[in-house]
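Contents: one structure, followed by commentary.
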Amino acid sequence: VAVDAALLAGVLMRTGEQPHASDVVNYAPFTLLPSAVPRALFEQAYAVQQDFNLLVDTISQNKEFLEQTLASTIKVDDFTARLFQIYMQVLEEGLAQTVFLGINRSDYMFDCGLDGTAALRQIEINTIAASFGGLTSRTADVHRLVLKVLGKTEEASHLLPNNPAKGLALGIAKAWELYGSQRAVVMFLVEEVQRNIFDQRCVENELWNRNIRVIRRRFRDVFEQGSLDASRRLYMDGQEVAVVYYREGYVPQNYDQQNWEARLLLERSRAVKCPDIATQLAGTKKVQQELSRPGTLEKLLPGHPEAVARIRATFAGLYSLDEGEEGDRIAATAIADPDRFVLKPQREGGGNNLYGEELRQVLEKIKDSPERTSYILMDKIKPQPALNYLLRAHSPLRASECISELGIFGVYVRQGQELVLNQAPGHLLRTKATEHADGGVAAGVAVLDTPYLV
């Protein structure tokens, strides 16, 4: 019943065997039952999202902060260095872009204290290609039906409506409108392999419903057909582009020399980039670690003490591995007690973090090298596991001990200095079996879920 409901609702992905074909699809993996989430922590995560939107947008405009914070990272991390190089080049030339659009997702886990009380702890904030706003908009209906079939009609009525796709499209539409050309299109910048195309189509179709034209192109297409006119308007195949919405470009594998050139062309243009390169840099792990230092938030958000307090309340312990006494000390602590920590590189997309014995081995190897500055260290969060069934095509069905991660979507639009839109349009719950330390839905580890507030 659950699988048929998912197929009917459009909770779909292309298959690994035929990732380019929409005539062979299967359901996206999901939990049989919704997972319990503490109501107070769920509400706390929503309440702080507009603060995070403001913070990310503020950081993206603060050249001095980005320069200082990423100085050690760009020496050893080639990918971040290339992004930073484009950022500086575009600033030197002078920004053509006047409207800014941010679509992010702040991810949390529920840390279970020794006394059994749970606390909300931020894992990361994704400022580029934050996915599953589309499919999660359809997952609650599936869980609602499952509960009814199980005779839990009362419980079914408690599942919240959730439609991030609509909110993400609203942000893109607002940016398109402020760009100010009725004929211009929105360009989804997409990967070569698009297994998760239906998630994107949910947002895309919301735009078509508003009579906004959408085109889908890859970096390669931009390199071959993209051009700028004298006032740096971006054209693709003769069509003016108002908004570039990145669903690609967040890992080194997305780039070769041509793709880097295409990225530079996009960044130099007047088009609204979601995200622009400064906002992508604001989402790096190194920035996240810097924000947790005493006094940093106050400097970035003067006059917003309540926002600072709400943001700080979600932070887990984050530690710098920069060269020097402090970095040496924290590296030694982690090598001695690796199970207390997670080692994170400057990467998005899941599946990159290191734990336990692997963490210890990597730190042993790089502890005396500048390479360690390309990582940050974070306290390991210990959530309370719960039983659930993870439904995956062609996988045996068994009850698993599971932990969940809650993501809150954020959307904001700024014109010049004025924030004209700042919203939290929905949420995403992903759940994985406890034997998998790391990884998201697209990485094939976590599955889609719906929060049942308790």
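Cβ coordinates are placed from backbone N, Cα and C, and glycine is handled just like the others.
Note: TrEMBL annotation is automatic and uncurated.
In the shown protein chains, 22 other C-beta atoms lie within 10 A of the C-beta of Gln200 (substrate binding site). Annotation source TrEMBL lists substrate binding site at Arg105, 128-131, 194-196, Gln200, 247-250, Arg430, 441-442.
TrEMBL lists Glu124, Lys285, 344-353, Tyr355, 378-381, Glu405, Lys432, Asp438 with the feature ATP binding site. In this view, Pro345 (ATP binding site) is surrounded by 15 other Cβ atoms within 10 Å of its Cβ, with every protein chain counted.
Other Cβ atoms within 10 Å of the Cβ of Asn126 (Mg(2+) binding site), summed over all protein chains shown, number 23. According to TrEMBL, the Mg(2+) binding site annotation covers Glu124, Asn126, Glu348.
What TrEMBL records for 184-282 is domain 'Glutathione synthase substrate-binding'. Across the domain 'Glutathione synthase substrate-binding' (184-282), DSSP classifies residues as 41 helix, 26 strand, 32 coil.
Looking only at Cα atoms, Glu248 (substrate binding site) sits nearest to Asn126 among the binding-site residues Asn126, Tyr355, Lys380. Neighbour list (Arg105 (substrate binding site), Cβ cut-off 8 Å, at least 6 residues apart, same chain): Ile125, Asn126, Ala130, Gly133, Gly407, Ile408, Phe409, Gly410, Leu428. Here the candidates are the binding-site residues Ser131, Arg195, Gln200, and by Cα distance the one nearest Pro345 (ATP binding site) turns out to be Ser131.
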